[in-house]
Amino acid sequence: MTPRIESEESAPLVNKNNNNNNDNNNNNNVDEENPLIIESGIPIEDLEQKNKPYLIKVPNIDKPDSKWINFKTLWAFTGPGFLMSIAYLDPGNLESDIQAGAMAGYQLLWVLFWSTVIGFWLQMLASRLGVVTGKHLAEHCREQYPKTPRLLLWLMTELAIIGSDIQEVIGTAIALQILSNGHIPLWAGVLFTAADTFTFLFLEKYGIRKLEAFFCSLIAIMAISFGVEYIISKPDQIEVVKGVFIPLCSQNNISQAVGILGAVVMPHNIYLHSALVQSREIDRKSETQVKIANKYNRLESAFALIISFIINLLLVSVFAKGFYGETTEIGLSSAADFLMDKYGKVAKYIWAIGLFSAGQCSTMTGTYSGQFVMEGFLKLKIAPWKRLLITRCTAIVPAMVVAILSTSHLDSLDQWLNILQSIQLPFAVVPVLLFTSSEKIMGSKFKNHWLNNQFVRFLSLLIIAINIYLIITFSMQISESAWMISIVSISFFFYFIFIVYLSMGQENFNSMTKKIKNLFNNNSNQTYNNINY
């Protein structure tokens, strides 16, 4: 069944038959639909100047792309993909890498690889949506869904962002404790993260390119740190290759495998990427320019995610080599001591530097995600520092409670937050698939190919199936009582119904429920008549 989209406001400007109408709509909707582009949190109407300082000009974008790769053009598009890839390297990912290596050895490297491939596929849908339409995913959700489901979808997305932010707070606090030799307690590190993030907002004043370069340097620090750990630990290269290409997973390691998927493919990152790609200046009425933008965004994102995969692979391999079969309790908070005992004091501090860089990187991208999501869903303009204050304070409360009362539960909290991301993932995957499949939104030349649709639908069903397993496992771990199983079952029922609604749209969903109701009524009447007869 082809989903029906309720609004035609989002039709892309590359649709040649509607250029004039679209130009008018675009001019009329600037103030309402695009309150923020990228820089310094200034509304777009205040930035409408000739030189458009909030957009980055792309050389040769108006000419047909004669080369397979024009490196000047690629350089101009370099940035959004690396900012997007930071979510693949946040403290939640590092926690997942540690658990996978220590609990399963090299066996789950194939899960890491295919999770990254899946992530790339989904990020390309988000990127194409932003480039073709000039609107990001949250804005399309506001236009296409009615108020109540839209608000519920916003709450689910905010929950994912807050969950990720808790991991960033915990990761940074642990890194500070290690680097200070324990002189900075966890609770103080948690408070520190509430303040240090605001310094990044000042970088925006120097231009988006400076901000992108700064975060690329933090990614480089992570690569060097974990690369040194890899050299020190000397993992078995043959086992690493086998782990990437030979799929193995015992029943005991299913939770680690799901944790990898939840850590790598994060829902809020799909919303973020659809907005970041709009920082490059293109004419969306030009089919050539849109194609060039899609091509170079794809190349840059692929390169960035290859780097993120290598960094994660290095970390899994380090802990597989050193700790597989030797320990059952290891995480962000205890990894440094294990590394020091195994490889010396230098390994401990190198690990802390990499962890600190991961926490700082993901902090700012989380802020951007929250900003775009709030403005897109609620049409609410809010200064970045206010948005950061709200999100960070919300994340600090649970992190502070755990840091003060039970530091031993930090790693367990991180693992469950990764699983939370997996459960929330359909709330980003389903809308981006729906919108990029729509000819009304994407145009006939940029909508998804049918094969692409089938693949992403398969991924959605796979994610839902995994989440069913997680929910059942979680309920059995908490309690085997009938009331707990009932609560979990009811929760999952509404979870599944909401996903079905999002995938169909309101009109198709109402039509389906009406048919089911009529079928039920007809069967009831027939049964009643048979009894009377």
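Just so you know, glycine gets a Cβ as well, placed from its N, Cα and C.
The region 'Disordered' annotation in Swiss-Prot covers 1-33.
Annotation source Swiss-Prot lists topological domain 'Cytoplasmic' at 1-68 (among others), citing sequence analysis.
Annotation comment: Swiss-Prot describes 14-29 as compositional bias 'Low complexity'.
The transmembrane segment feature in Swiss-Prot is assigned to 69-89 (among others); the stated evidence is sequence analysis.
With a threshold of 8 Å between CB atoms, the same-chain residues lying at least 6 positions outside the topological domain 'Extracellular' (90-101) that come near it are 108-109, 111-112, 164, 167-168, 170-172, 174, 253, 256-257, 259-260, 262-264, 312, 315-321, 323-324, 330-332, 335, 354-355, 358-359, 361-362, 411, 414-415, 417-418, 421. For 90-101 (among others), the entry in Swiss-Prot reads topological domain 'Extracellular'.
What Swiss-Prot records for 102-122 (among others) is transmembrane segment, and it gives sequence analysis as the kind of evidence.
When Cβ-Cβ distances below 8 Å are used as the criterion, the topological domain 'Cytoplasmic' (123-158) is approached by residues 5-7, 9-10, 12-14, 26, 33-34, 80, 84, 267-271, 273-278, 282, 284, 290, 293-294, 297-298, 301, 305, 370, 372-379, 424, 427-428, 431-436, 441-443, 446, 448, 452, 456, 498, 501-502, 505-506 of the same chain, each at least six residues removed from its ends. The topological domain 'Cytoplasmic' annotation in Swiss-Prot covers 123-158 (among others).
Sequence-distant contacts of the transmembrane segment (159-179) (same chain, six or more residues past either end, CB-CB distance under 8 Å): 87, 90-92, 94-95, 185-190, 192-193, 196, 266-268, 332-333, 336, 348-349, 351-353, 355-356, 358-360, 362-363, 366, 369-370, 373, 391-392, 394-396, 398-399, 402-403, 410, 413-414, 417-418, 420-421, 424, 427. Under the heading transmembrane segment, Swiss-Prot lists 159-179 (among others), citing sequence analysis as support.
According to Swiss-Prot, the transmembrane segment annotation covers 183-203 (among others).
The topological domain 'Cytoplasmic' feature in Swiss-Prot is assigned to 204-212 (among others).
Among residues of the same chain six or more beyond the transmembrane segment (213-233), those with a C-beta under 8 A of the stretch's C-beta atoms are 82-83, 85-86, 89, 200, 203, 307-308, 310-311, 314-315, 317-318, 321-322, 339, 342-344, 346-347, 350-351, 353-354, 357-358, 360-361, 364-365. Annotation comment: Swiss-Prot describes 213-233 (among others) as transmembrane segment.
Cβ atoms under 8 Å from those of the topological domain 'Extracellular' (234-256) belong to residues 96, 99-100, 103-111, 113, 313, 317-318, 320-321, 415, 419, 469-470, 473 of the same chain, restricted to positions at least 6 beyond its ends. Sequence annotations record features per position, and here Swiss-Prot assigns topological domain 'Extracellular' to 234-256 (among others) based on sequence analysis.
Taken from Swiss-Prot, the feature N-linked glycosylation site applies to Asn253, supported by sequence analysis. In the three-state DSSP scheme, Asn253 (N-linked glycosylation site) is classed as helix.
Summarising the annotation, Swiss-Prot assigns transmembrane segment to 257-277 (among others) and lists sequence analysis as the type of evidence. Non-local neighbours of the transmembrane segment (257-277) in the same chain are 38, 79-80, 83-84, 87-88, 90, 92-93, 95-96, 99-100, 108, 111-112, 115-116, 118-119, 122-123, 125-127, 129-131, 136-138, 157, 160-161, 164, 249, 293, 297, 301, 312, 365-366, 368-370, 372-373, 376, 415, 418-425, 427-429, 432, 463, 466, 469-470; each lies 6+ residues outside the stretch with a CB under 8 Å from one of its CB atoms.
The topological domain 'Cytoplasmic' annotation in Swiss-Prot covers 278-302 (among others) and is backed by sequence analysis.
Tertiary proximity for the transmembrane segment (303-323) is limited to same-chain residues at least six positions away from its ends with a CB under 8 Å from its CB atoms, namely 81-82, 84-85, 88-89, 93-94, 97-98, 100-102, 104-106, 108-109, 112-113, 116, 119-120, 123, 219, 222-223, 226-227, 229-230, 233-236, 239-240, 243-244, 264, 330, 335, 338-339, 342-343. Look at Swiss-Prot and you will find 303-323 (among others) tagged as transmembrane segment.
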Close approaches to the topological domain 'Extracellular' (324-348) from elsewhere in its chain (Cβ under 8 angstroms; 6 or more beyond its ends): 91, 94-95, 98-99, 101-106, 170-171, 174, 178, 229, 232-233, 355, 407, 410-412, 414-415
Nonlocal residues around Asn253 (N-linked glycosylation site), in sequence order (Cβ under 8 Å, 6 or more apart): Ala100, Met103, Ala104, Gln107, Leu108
Average model confidence [pLDDT] within the topological domain 'Extracellular' (409-415): 68
